[in-house]
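Below is one structure, written out as structure tokens; comments come after it.
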Amino acid sequence: MALAQDKKGLVLARIPGTSVPLAHTVFGGSAFILAFIIGCYAHYYKIVKNGVAGYPDEWFPSVSATTGDWYPERNICQIFIALAAGPRLILCFLWYLLSTRNVPAAGSKGFAKFLFANDVVRSVACGGWVFVTSSDDHDIHDIAMIVYLLCTIPHVVGTIKTAPQNPKSMQYRKLFAYTFFGALIPMVHFFIQHNVHRIPGAYTYYAFFEWSLIISDLAFDAVCMIDFAAFELRVVDVGVNGKHEGSTSALNDLKTYGGSDSAIASISSIKPFEAVSFASDVYLAFVFWSMLTSLPLMIWYFPLWHMGISGYEAFLFSNLSAVLLGINFLRRGIERSKGFVHLLSLVGVLSYKIHDPAQRLMAVAAGVSLSLLTWGATLFGQRHQNGRAERGVLTLALGLILHNVVKQAWWANNPIWPIMNENTGGQNMIGLVLGVLASVQVMLRKDPGEDEPQTIQKTGESWLLAAISAGGYLFCLHSMFTDSTTISRWSLGGYPNTGPQPVPGGLMVIAAMAVGLTVSSKRRWVTSLIWWIIGTAGLAVLHFFEGDVGFAGGIVFTVYALSLFPTLFRSLSRQPPGRTFLVTMLVYNILALAHVWVVAYAFVPVGVWMRERTDYVLIAMQTCILLGIFNSNSAAWTVVTEARSRSAFSVARLYSKLSLVGLVLASLTVCYNRLPKSIPQPYHADHKLITAGIWTIHFAIDNDMYSSEIRMRDAIRDLELDVIGLLESDLQRMIMGNRDLTQFLSEDLNMYADYGPGPTKHTWGCTMLSKFPIKRSTHHLLPSPNGELACAIHATLDVYGKEVDVIVSHNGQEEDLLDRQLQTTELGRIMRESDNPFLFLGYVVTQPGKGQEIYEMLMDGGHVHDIEVSDWDRWCQYLAFRGVKRTGYARVSHGGITDTEIQVGKYQLLEDHPTSWDRSQSIEDFKKEETYAQISEHQVPEGMRFPSMFQGAGIRKHRFHVFDRPYYYV
């Protein structure tokens, strides 16, 4: 190595800066590659085995099993990680030097110091989970891993933000960053499949994504070899008394890419007042989406109780007040006083205090109208200012994503909806106060002008096409993207291949929404015909396929849909406001009604035309959007080049990206907090007892038009129900608020859940909750040639180590005899063909007793016993059983939650009790096997009794009724 003399002394060695990340990559990669090879060679069957399954179900080892469980692979991994530690710390320091050279483009020196400290902590945490294995100390290992992952977020984001603007390195970094964070979501999904649902083989898929994190992590840091090409490390002999002169000439000679003031807007562009202003707009957008989604939900209450059109449906058209935007002085007045009008619109949030349902609905309709007028006037007033117009539509989109995150945190309810209050988990007053503060902030601030040229020089756009497309697009957003679980419920299948559950499926959807809004700036791409075809293909896969395949199509469609948000709404804002907004809301309303008619066809005029035709609605929606894409491409956009780094456009995009990161992290936190903490356990396993019930819950809206999930939870818990069928439970429609009651009930009660046939199956829904694991289930659409489509779940449960079958069903109404005959015949066939013990929990419209056709078709045709043949006062809900010992029966009043009682049966699964039936046996002999002799309660072991709190006046208006006590049997 040649020696050289410089001003400071004798240069003993020169080391290229690229050698530091190269050494880090080689040592780090070798640690895992060698451990993998040696582990597979020496302990393959041991490292693929886990607590659920082994080979051949599991055939690929996880990172932790490969590197932490066995000698010698564990020790080899630790040696190479130790060798990588030196280059790692040097790399952190060199990046600090590089980022300080990029100030102010890369942020501040303070941020560079923060990033350096974060990276050092991350390096130490890496040593924590590598050198302290889970077998050494499980808690320390997990804490170190969590710290490492948390520090990875600012490491990746900060590195990208402070990196020199080298297109090649930036491309690689973003690729590996997306790969890293993208792998987290399916990894969590398969971990839940393994750890919670205990599905063999799931851990192998988890392992693939876990290894991809390692590869992406190493590759991300390896990109530093491109940036460090301008660095050189020197070892200099300055003499015994040598003194560093403080010259920084070598450092000053370093050239970086994009280190000038003309770089795109960065973190240094953030100003506190602007940030508060942006946050206020996002929150007011959240309020807008909250009120818009609550309006159909509240309208639905009235036809639900009228069993047909009630007249209150007219409030859906309150949004046609947007036509008032065509009155110039009114529109200008709203724009100048938008903060005040936002404040007035909060009457929709305050309406939760109004007890009368009709008056509450009127207040919400007024709030929706005022909010719609305000946002319409705002977007129209900003149409010629590129930055402000972009900011306006981005805050509206972020408000939608915030709406999804908040609903995710409240188990698919919105805490400021008027159906919520302090007794049902609502936070209406907090939401109202925040809305007042945001409105006051808008009133007090002064919106700045812009130096940028106008957005449009000339346009060939059609106002009619812009309006039609915006109406179709608004319907798309409302019907499919106002709850993060809608996509997963659309693609729902039976167990075990259900597709992603709300956790982590909701996180995947919110992340996809964030990605879609991020790529929305690529206007040429997102308005291309190819992109529309890709999005339409994703929608088709979602509609026609179940499980993971359908969900994957939904994720593609989610990215596509959100990428159009700025384009279509900015196109709308450039048109004459009065007639344009009128047509927009008309198209939205027509599609919303069609969306309802596909399932409510039996109760609406000419409903037969739309019966089960969701495909018609989706085709109309996509056609509207396609018209908007063609229309927006006819506009000639000005290319904005001057002062782009300081433009309002770039700053709005920066705030948007930071907000998206925060929203996705918030969703991740919500999902983590909602992960199951324990395995469900039956209430009385010592008696091998099964307590099962049926309840028609009227879409989780109580008699006073408030959310009823918490009161339902209390009743199910206090009755100690191990299995319950809930009918009229599919809430994933606009008219039900795109809710999902199974999330709260199953998580709070710690039960397994089968949602039943999803919203694309056009039923009113049936759901099953179970304390026993669901081994498999099938969703049935029962024959319904005339009336509403009937649904059923046929599930096989693992009950105390034995298989027990359960049916939860909701049959048709009294008016359709043929439907009821065909549906009951099919239910009888399913029960008759099963050799397992059987529990029937269903809604079958008939009178009980001998001679009743439908009743006999069910009991005799299914070879099941009625739980109590002498109970004549029944009409729709029935319990039946076979192969288990019935010990108790009770009827419990609804408590004002719905108009239908809870029926509960208690059964035992005993070794000496026959669990199957003789197929050659006549139905008469089969009936003789069951006795209905009763015993008094004191003869029943205490653990097998019904809770005494329901005696007499009961609790929370729930009490034993009809015969005013439970029945117990010999």
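Cβ coordinates are placed from backbone N, Cα and C, and glycine is handled just like the others.
Features reported for this protein in TrEMBL:
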- 18-230: domain 'CWH43-like N-terminal' (DOMAIN)
- 21-44: transmembrane segment (TRANSMEM)
- 110-131: transmembrane segment (TRANSMEM)
- 143-163: transmembrane segment (TRANSMEM)
- 175-192: transmembrane segment (TRANSMEM)
- 204-224: transmembrane segment (TRANSMEM)
- 282-303: transmembrane segment (TRANSMEM)
- 286-440: domain 'PGAP2IP first transmembrane' (DOMAIN)
- 309-327: transmembrane segment (TRANSMEM)
- 461-635: domain 'PGAP2IP second transmembrane' (DOMAIN)
- 463-481: transmembrane segment (TRANSMEM)
- 526-545: transmembrane segment (TRANSMEM)
- 551-569: transmembrane segment (TRANSMEM)
- 616-637: transmembrane segment (TRANSMEM)
- 658-675: transmembrane segment (TRANSMEM)
- 688-924: domain 'PGAP2IP C-terminal nuclease-like' (DOMAIN)
Touch test for the transmembrane segment (309-327) and the transmembrane segment (282-303), at least 3 Cβ pairs under 8 Å: yes
Proximity verdict for the transmembrane segment (143-163) and the transmembrane segment (21-44), three or more C-beta pairs under 8 Å: no
Cβ pairs under 8 Å between the transmembrane segment (551-569) and the transmembrane segment (463-481), at least three: yes
PLDDT averaged over every residue in the domain 'PGAP2IP C-terminal nuclease-like' (688-924): 94
For the transmembrane segment (463-481), distant same-chain residues with Cβ under 8 A (at least six beyond the ends): 292-293, 400, 404, 487, 490, 509, 513, 557-558, 561-562, 564-565, 568-569, 571-572, 574-576, 579-588, 590-592, 595, 620-632, 733-734, 738
Top partner of the transmembrane segment (616-637) among 21-44, 204-224, 282-303, 526-545 - counted as Cβ pairs under 8 Å: 526-545
